[in-house]
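Participant: Take a look at this one; I'll ask things after.
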Amino acid sequence: MNVYYEQDADLKHLQGKNIAVLGYGSQGHAHALNLKESGLNVCVGLRTDSSSCAKARQAGLEVNTIADAVKWADIIMILLPDQYQKAIYETEIAPNLETGNTLAFAHGFNIHYKQIVPPETVNVIMIAPKSPGHLVRRTFTEGNGVPCLIAVHQDYTGNAKEQALAWAKGLGGAKAGVIETTIKDETETDLFGEQAVLCGGSAELIKAGFETLVEAGYPEELAYFECLHELKLIVDLYYEGGLSRMNYSVSDTAEYGGMTRGPRLITPAVKAEMKKILEEVQDGRFAKEFIDECNSGYKNLTSLRESNTNHPIEKVGAKLRNMMSWLIKK
């Protein structure tokens, strides 16, 4: 696996180019502002009725409609939600592409699952910061950066990789390290991680732990602190130094209990289910399910959101967080 740093990337591959960032959400604002402050020529493409137009202009960015931004640009970064990209690509992006343009993405979903099939006469690249947009922005303003993944899906001009590296450098990512991968690997590992560990597995583990304590007669407040609130302290240790750092930092009692009881929870049956989840990502079943869900008006997702919001851990959590002055503003 190739890893690149600042000396391996050169902004000259973007200098003199017109760069359009489509979208101004978490990632969009970070990409647009970081590249602009890296000395590049950037505009933001948004719907005319978007509430983000005023925010982008207030930040000193030029704002155009999506279609006009694409017409103007040499390099187009699509940072719109996955489920909207296909329709906007077909109606506002594809008709305005020119030979030699570069299409860029921060996640490979629509390319990998062929929701978007660009013409062969354009570059297709990915630059994926491994961090939420607000951290991409904050670390840049502090003179640092977050690690990025890059991938080249199509190289029409012969310098697509150089453009991707330059973009990562403009974001600040080359200070932390830029890892070269493929659209396929980024998409499949990203989706699996979200579903099995980060957003799915961890949330269900938290709820199950909370429910177990409450059903055994313990106060909801104690269950919340033990199963959700303190998780941040543990995750911070993982983040800073891996599993070993966590084990070193906790008590011997906690370390022994975790090492002997953890495997009783994450059994071979759980790992087998993880493999099934990965297979659904790999063969496109999850992508089809999600696209069908979007087309149905999010009926299942709406119900799941409501159920999650009404879970007792959310009610007691809101009450307890109101006691934590450092969290109120967030």
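Using N, Cα and C of the backbone, Cβ positions are placed for all residues, glycine too.
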Participant: Given that Swiss-Prot lists Tyr24, Gly25, Ser26, Gln27, Arg47, Ser50, Ser52, Asp82, Gln83, Tyr84, Gln85 as binding NADP(+), which residue among Gly108, Gly133, Gly143, Gly145 does it place in the same site?
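Facilitator: As annotated by Swiss-Prot, Tyr24, Gly25, Ser26, Gln27, Arg47, Ser50, Ser52, Asp82, Gln83, Tyr84, Gln85 share the NADP(+) site with Gly133, chosen from Gly108, Gly133, Gly143, Gly145.
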Participant: If you run the three-state DSSP split on His107 (active site), which class comes out?
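Facilitator: Assignment for His107 (active site) reads coil.
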Participant: Distance between Ser251 (substrate binding site) and Glu230 (Mg(2+) 2 binding site) at the Cα atoms, whole Å?
Facilitator: 14
Participant: Pop the mean pLDDT for the domain 'KARI N-terminal Rossmann' (1-181) in here, whole number is fine.
Facilitator: 97
Participant: Which site among Asp190, Glu194, Glu226, Glu230 has the most other CB atoms no more than 10 Å from its CB, taking these as binding-site residues?
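Facilitator: Per the Cβ count, the most surrounded site is Asp190.
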Participant: Including all protein chains displayed, how many Cβ atoms other than that of His107 (active site) lie within 10 Å of its Cβ?
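Facilitator: Excluding its own Cβ, His107 (active site) sees 20 Cβ atoms within 10 Å.
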